[in-house]
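K.L.:
First the structure, then my questions, so here it is.
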Amino acid sequence: MSEMTPREIVSELDSHIIGQDKAKRAVAIALRNRWRRMQLNEELRHEVTPKNILMIGPTGVGKTEIARRLAKLANAPFIKVEATKFTEVGYVGKEVDSIIRDLTDAAVKMVRHQSIEKMRYRAEELAEERILDVLIPPAKNNWGVPDESQEPSATRQTFRKKLREGQLDDKEIEIDLAAAPMGVEIMAPPGMEEMTNQLQSMFQNIAGQKQKPRKIKIKEALKLLIEEEAAKLVNPEELKQQAIDAVEQHGIVFIDEIDKICKRGQTSGPDVSREGVQRDLLPLVEGCTVSTKHGMVKTDHILFIASGAFQVSSPSDLIPELQGRLPIRVELQALTTDDFERILTEPSASLTEQYKALMATEGVTIEFTREGIRKIAEAAWQVNERTENIGARRLHTVLERLMEDISYDASESSGQSITIDAEYVGKHLDELVADEDLSRFIL
């Protein structure tokens, strides 16, 4: 798991997300507390439970982006889910328990990748030997078995050197490789994904791993053999146990759009995708044991981060038990013109940099002036104020409209340089921004 300090985490988030310092600090502290807990003695460690977070803020201000970036920083099992995808137990649709199953699958994949990376050096050696056995078969004793007591021949060592230097990459050889597992597609109604996964695993296990001769270039064969040999060196049972432990101790679940499962006003009849889902989430957030195909997983120490815009509802519309299990509240602020200007220039892969790089592939050089960027930011802010406020996502719409002519003609304009200044932006956007009906439908 990540050993970054809160200040380092915030600094890393700052290079991708503008503003929202309170939210960044909250997730940075929560992530660091995961590491701090693991430094405690076992008795006290069991008592320290994570403080779950509720992020509140309008759409397009960075809630989901914080989750995406956090997933890369955490170096721990992480899953992002939409609250609207789930229904109450007993109804058609996904149950909330599938969150933990998916998290465990992600952990198994992560732990397997880490284990294979650790074994890569040994796997590379074994893969080399298998290729050399095809190129220069080893000497055999009187019983027809390869004689391992003999030193490798000078020819074999020469070929090994050539193989490592890449001189044999384009040479074709015939070698036995593990055949791809038999694929069995099973159609099942929604909510039955777990059953179909188990059936598919069963059919694959019945088929077993078979070796199949293939004619292939050495470069490709080496890649496949390294993966095959690394997989043999990994213990599947040990890997499953490590994955379950990683989920239980370091797992993070991000639940987006939680405001969409709030009960609004008094409604009669079953509310299978709102209050029912909240009730089903309670045991997961509080701590329970979920059965997965890899084993039983306890959720007591999994960190839950929920987020929602809460534009037509408020956090108090969540059922009281769930409110109590999300003790840390963080409010994200609506974006201003200055924020939009910073979003266009400061992040490491800002929108303006992306458009410059895209046009450079056609040989067109794009330059954004400071005044032009300010004008784009003002246009996006004005449209947000007059119509629906969709936050930073409005910049995508405005920029796409602004760049439409350049993008269309780029393939015939190789070698040109185009400067996007305040005058250029005004010429292409002023009419749309001023006309509320046009901006409502086009921007």
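Here the Cβ of each residue, glycine as well, is placed from N, Cα and C on the backbone.
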K.L.:
Need a hand: Swiss-Prot gives ILE18, GLY60, VAL61, GLY62, LYS63, THR64, GLU65, GLU321, ARG393 for ATP, which of ASP133, ASP245, ASP256 is also on that list?
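P.N.:
Matched candidate out of ASP133, ASP245, ASP256, per Swiss-Prot for ATP with ILE18, GLY60, VAL61, GLY62, LYS63, THR64, GLU65, GLU321, ARG393: ASP256.
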K.L.:
May I ask which residues of the same chain, at least 6 positions away in sequence, place their Cβ under 8 angstroms from the Cβ of GLU321 (ATP binding site)?
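P.N.:
Within the chain, GLU321 (ATP binding site) has Cβ neighbours under 8 Å at LEU282.
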K.L.:
Through the lens of DSSP with three states only, how would you label ILE18 (ATP binding site)?
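P.N.:
Where ILE18 (ATP binding site) sits, the three-state DSSP reduction gives coil.
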K.L.:
Indicate whether VAL61 (ATP binding site) is helix, strand or coil by DSSP.
P.N.:
coil
